[in-house]
Amino acid sequence: MGIQGLAKLIADVAPSAIRENDIKSYFGRKVAIDASMSIYQFLIAVRQGGDVLQNEEGETTSHLMGMFYRTIRMMENGIKPVYVFDGKPPQLKSGELAKRSERRAEAEKQLQQAQAAGAETEVEKFTKRLVKVTKQHNDECKHLLSLMGIPYLDAPSEAEASCAALVKAGKVYAAATEDMDCLTFGSPVLMRHLTASEAKKLPIQEFHLSRILQELGLNQEQFVDLCILLGSDYCESIRGIGPKRAVDLIQKHKSIEEIVRRLDPNKYPVPENWLHKEAQQLFLEPEVLDPESVELKWSEPNEEELVRFMCGEKQFSEERIRSGVRRLSKSRQGSTQGRLDDFFKVTGSLSSAKRKEPEPKGAAKKKQRLGPAGKFKRGK
């Protein structure tokens, strides 16, 4: 889910923090991609007649087709992707995961009713609601990436948090995901729609955290409190407080604790056993991989092993897979050229002079808890 309504709120109150770019403008950029979010998109979008792609054994293959061709598209445009996979979800997320299970059970019932009624549109809608990324999907995509020569990382916990850590450490330019909580985890730059279908023709949206904080007049701790008020995966929000009201309250009172102290408890009851402090800590001190231990390497694809896996096991067209490998190899030759801004330091201009970012305080300054360095798999 991410943060409820955050993208629209930023567009309304801090529009200068959002840029829209064509994929070609990211030539030479390294980008950390939320793997689970991408795989979920592929399972939803890569379909034939409303159904996921399958081989003769009935195994789903939509995720592999999506991962193969979208990754090639990025490489052809000079982007160097590194996929980051989720680790163990934090305990705070258990409530949200339970709600998702309930929604899946309800969608299953509605799907059966739609099938009985022969309502094709409804059948497709509820079928997509039942899509879930499994360990097998993840493992197969990791195997595919290793054969393609594309690096991936296993995060100790939430992938978005480790993506944010890689951006903050300068290992990559941006984090790519549809989940806005990547900003709440502190990613300086967030890209949306990078792995979306070409058919949708969506421009890539680029969100800049420093500009968001400047426009709202908040520091990172206060921004985290705003996101908790909007609604996150980790704790309930206060009913009756909408996005604009949440912004007004945090700008005026500076913290959730002060807001709660001043709110009318009858009009705005605080959730029972509210875990907002735990959510604050999770956002400000997430368990992440150690960026300094990460060495990213993009290598030549293993054509014969790719054919064996994608064609022999998963029954894709050999001609198409070999064609894709040729495109991938060609893109590697072109992407060795760097960006001009990697060689020349920008000293500033009148139009883009940055104001000083509000200084974080307290817990925001504490070093993030580092999980295991993240099992790093290098493309062979």
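Even glycines carry a Cβ here, placed using N, Cα and C.
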When you get a sec, could you say which of 273-281, 291-299, 309-317, 336-344 is annotated region 'Interaction with PCNA' by Swiss-Prot? 336-344
Which residue of ASP12, ASP22, ASP86, ASP139 does Swiss-Prot report at the same Mg(2+) 1 site as ASP34, GLU158, GLU160? ASP86
Can you tell which of ASP233, ASP248, ASP264 Swiss-Prot lists as binding Mg(2+) 2 with ASP179, ASP181? ASP233
Work out, from DSSP, the number of helix, strand and coil residues along the region 'I-domain' (122-253). 69 helix, 15 strand, 48 coil
Count, for each of the modified residues SER187, SER255, SER293, the other C-beta atoms lying within 10 angstroms of its own C-beta, and report the residue with the smallest count. SER293
Residues near ASP34 (Mg(2+) 1 binding site) by Cβ (under 8 Å) yet at least 6 apart in sequence within the same chain, in sequence order, are VAL84, ALA159, GLU160, CYS163, ALA175, ALA176, THR177, GLU178, ASP179, CYS182
Taking Cα atoms as reference points, rank the recorded positions LYS80, GLU158, ARG192, SER255, SER293 by distance from ARG19 (symmetric dimethylarginine) and give the first. ARG192
